[in-house]
Every structure is written in C-alpha cells, then in structure tokens.
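Some features that Swiss-Prot has for this protein:
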- 8-287: domain 'tr-type G' (DOMAIN)
- 17-24, 86-90, 140-143: GTP binding site (BINDING)
Amino acid sequence: MAREYKIEDYRNFGIMAHIDAGKTTMTERILFYTGKNHKIGETHDGASTMDWMEQEQERGITITSAATTTFWQGRDGKKRRFNIIDTPGHVDFTIEVERSLRVLDGAIALLDANAGVEPQTETVWRQAEKYHVPRMVFVNKMDKIGADFYRSVEMVGSRLGAVALPVQLPIGAENDFVGVVDLIEMKALTWDGTIGAPATVGEIPADMADKAEEYREKLIELAVEIDEAAMEAYLEGTMPTNDELRALIRKGTIEVKFHPILCGTAFKNRGVQPLLDAVVEFLPAPTDVPAIKGIDVKTETETTRESSDEAPLSMLAFKIMNDPFVGSLTFARIYSGKLTKGVSLENTVKGKRERIGRMLQMHSNSREDIDEAFAGDIVALAGLKETTTGDTLCDPLKPVILERMEFPDPVIEIAIEPKTKADQEKMGIALNRLAAEDPSFRVKSDEESGQTIIAGMGELHLDILVDRMKREFKVEANVGAPQVAYRESITRAAEIDYTHKKQSGGSGQFARVKIIFEPHDGDDFIFESKIVGGSVPKEYIPGVQKGIESVMGAGPLAGFPMLGVKATLIDGTYHDVDSSVLAFEIASRAAFREGAQKAGAQLLEPIMKVEVVTPEDYVGDVIGDLNSRRGQISGTEARGIATVVNAMVPLANMFGYVNSLRSMSQGRAQYTMQFDHYEPVPTAVAQEIQKKFA
C-alpha cells in the first residue's frame, strides 16, 4: 500500500490551553467539521470524544493526550491529513504537555476571551518555546460576558513576550458576536450558529472599515519584515497579493517570529472552519521544521533524521496507555522511514529488540488496524514489551537515539495500602502499569515501615492515579496523608579517613579510604578519584563509588535522599589477599555516613512557585494567608479587574490550600503551583521533621 497523502500535506499539531479555555469543546468541533464525528459531544454533560478516560469526563478536564487522525479540505480544494494530539491543561499534568509538545510540529494556543492569558497558558507557552514549536492563537469564548479580543491580543505581548499578529477581528462581542473580519481577504465572515453551517461571506460592516484598514496595515508591515524582497517591494509602494501575504505569514509563523491570532466561539460554532484553513495555511508540515537530531549509536556522534520515507526508520515513543480492548498501547511518532507490521526494531535506549505486532491508527477512542505507516504518521503499537516513554525505536542496521525527554522529579508522596489480601497483588500490577505510562509518577517501598509509597507532581495528580487504580484495576486502597519529599544535603567540606578491617578465620576483609566530601551547586552526586601511584588499585575504585551511592538514598538526619554532594577519593590502602571490591564498598559506605555528619548535614524542602489570581477585595487576606504559610511574596500585578499575587511557598504548607482559598474568596480566586527549587528547612521546623522521621 503506497502513501495516501504526501508528507507536505500532513499537519501534526496540538491544542494547548488553560484549564477552562474550552479545549475539549474545540477539539470536538474540529472532529465534527472534519467529518469524523457525527454527534458533537459537549464537555458540560461529560460526553466528549477526546476525553476518553472516565475521570476526565467527570472532572471536565483533559488528562491523557490521545492522538486522533482526521482530514480537512483547505481553501485550495486539496485534502490534508491532520494528526491532532490532545494535551492536558492542568498544571499537575505538565509532563503530558511536555511530552506531546515534543512530537508536535505546531500548536494552537487557546485563550478564554474573558480571562486572556492565564497562569497555565504561560507555563505551556514556555514549554512550547523550549521545543521551538510554531504556534497560532485562537481567542475562544467570544460570546462570553466580558469577552475582550483586543485585551487578549495585548496580553500575548505583555504576558507571553510574543509578537501577536491578528489575522482576524471580531464582529461584535458577548451576545452580539456574529463573526469575524478576515484581514487577508478583507471580507466579513458571519455564522447563524447552526451546527456545521458554512460562513456567509459579505462586506465588512461600515463601522469597522477604518479599524480593519488599520489592522491590515499592521499585519502587512509585520509580515513583509520576514522577507527582504517583499520588504523592498513594500517600501517602493508594491503591496503583496493575498497569496503572497499568506506565504509570508506562514514563513514567519514557522520561524516562530510571530503568532497569527484568530477568534471565535467553538461552543456556538463560529470561527472553527477559518481556524482549520489557518492550520493548513500557517502551521508547518513535518518537512517544514528542522530534521530531528539524535546520536548515532555506532559512531556516538550527532546525526539527524530527515522527514522522508527513504531515510532509515526512526520513531519516538511518547505515550503509553492501557486500552481496555487491546491492552498496552505505545503511541509513537514516526520521524523518518517506513514502518511495516511484523518487523523487528531496535529500542536503542534499552538495547533491546521489539517486534511490531498490531499497528493501529487512533481516532480518539475508536481504532483502525493498519499494515504500514510512513514518516510523519502517529501510530499506536500494541504489545511492546520493553519500550517506555521517551524511548527510540529504529532500524537495527542504522541505530540512533533521538533526543531524550527530561522528566521532573516528583515533589509529593503518599503512603498507600491495599484494603484486602486480594487487593495486595492487584495493586502491585496496577502501580507498575501506571508508572510505565507516566514517568513523573514513581512507586517505592519504605524499607522500615514496609509501606508502599507513591510520588507525583501534585495532589490532583495522585488523586487521579489512585482513582484510576480503583476503576481500571478494581483495587481498593487506603491512602495516607500527603508527605513532602524532603531531601538532605551537606553544608561544608569534611575529610574522612576510614579503615575497614575484619578477620575471622581464612581470608579477612581490608580496605582503607581517604575521601573528601563537599557540597556542590547541582542536585546530582559527583564522584572523582585522584588516586596516583596505585594506593587503591583501579579495579577497586568503582566499589568506592558504589558504596557511597548505596547509602546516599538515606541521609543522616531523617533518612531522606541526599542532594548536591561531591566525593573525591584522595588516598587509600589495600591488602594483597584481604582486599576486594566488596571491602572497599563497605569502607566507603561507613566513610560517607561519618562524613555526612561531619560535613554539617541539613534538611531541604521543595519550594513551590505559587500564583493566585484573586478579585481585589481579597488581596490582603490572600497575602496574609500565604505569609502565615512561610511564603515569600515576590510581587503583585493587576490583570484586568483581578490581582495576581506571586509567591514562593514551601510545599509542606500548601496541602489543602484549595479549600482555604475557596472559603477565603467565596470561590472567586484561583491558584496554580509548580515546583521551583529546594531550600534549607528553618531550624525549628527541621527539628520537628527529624523527631517525626528519625
């Protein structure tokens, strides 16, 4: 079977937004207008197509990014293939967003016309900047009370630091919003609100003619800056044609020089079709973005993989999901080459082979079996054994490791216990499955209490995982109170000279090490050997490193993992008969325990970046409350009629904050929080923690 659509006619994009900007409704409309959905699912009644896990439907927020393939006929009459990746908008799921942005070529940022740029919009926008993803902006909910298109455009500049390029203006607002002015064609597009109805094209309303002229002029001025020849022609008085203008906007968008801005209301079916045309006209095909970089496994040098069917096969696994009918599904983006069912591929990250059994094309929650797929495709693979998120699968003869994704460490932990003996076994399976799907979720067991501890990015994150355990795996569990993931570190250098000697019939054990332990700025552990003259033979040195690493998981104060330690082995002594790797391991273990005490061990706690958006009446209460939680206020700013309070607050003092904020502001204030850094715990608090955990 040959390729059906040319790679130039692909658009791999996602929709990114704040929690309530209407992303699910927008995705639904896109699926409806592109002909894949016959009945529109409304988020309000929990029947939406993309949000296919039960909790997403109940909570009305999108958690799992599902990939959907659909098609759209552009203005030029040519059909394009859209692969849409749904991304979550809640801060506890930023890992999902990061992961989907990694495999997109472009994105639509959705704004709520009333709220404009919200905290989570900024977070997601920053993540998209990191991967240099071309973006358009759609100002949604233009029918809402307080909708203000021009303020939203201004906020794209002031809050996101991005260059906004309106290509449409709204006709009317709130209840009177009827359509848009197309600034390229200089026509008015209006809709009567009937579902699926095309726009009526007419003349621009007389009272908007001047404004439209002014904005078109700004549009042209920004667009011609992208191209020298166009700029020269413009300065000499030659205006670009509409097609030339579209080509310039496309070039600038793909180069992330500016962001086209459109508007409408997905819920009332106004403005959706022009947005789909804009996806075709302004967002990149896989061949328009730089080729993906990777490391050639054989030569260990940097290499690239072009978006072409002729190039060696390479693909990136970006999501693992458990499908009730198919079992484990691995979603992967094919960057280069052609994939055929039944082939064996190399997982270069794990160094294992994987056989491709069943291959599926997903449409939100229905699926179609396929036998082959090509560069640019996003496919779901059933039954992979070794592959986890972020792994590369490729042609075994041309092995490559594509860029790795980096995932943050979890900041919150809870103890979890199965309710019955029967739940015990099921819980282990469920937790392993969930951890394979989500790299920001960790499972470990507490050696002393024997309890199972789960760790994640926030309270909502863990709530949802416990909920999934109950629903998908039928595991009933008791959940403890959330615990902070404290860490320990050292404050000064200490030199330790330690000898391990054991003599008990036959050969004994002997090792002497002299190690300097000192703090360093990073969070990782650094080991260095400065042994000269063979006082510790080369083959024993890894034992020294291993010994230290084995005890760094439990610091001397309260048994928390240690961060930011550098150990330098400077001297030692060995015995021809009694020394071994194990003896040096034991010696360095004891040396570290002694060193951590002498080097001024201290407790560290996670500090969260908190942003509260509140009506002005409650600002005093919000600030007072954050101060009482050991928070440091870093500033306040006006946002429309609301005030934004920014603060750094220890995570330990933020549990249950959502309820306090709700009652303090009569439900009118909102907040977002994300991990920022670790900081030493004040002495009085540290003593309490040590008492509790020692």
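Placement of Cβ uses the backbone N, Cα and C atoms for every residue, glycine included.
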Assigned conformation of Thr87 (GTP binding site) - DSSP reduced to three states: coil
Overall pLDDT for the domain 'tr-type G' (8-287), taken as the rounded mean: 84
For Lys23 (GTP binding site): DSSP state (helix, strand, coil): helix
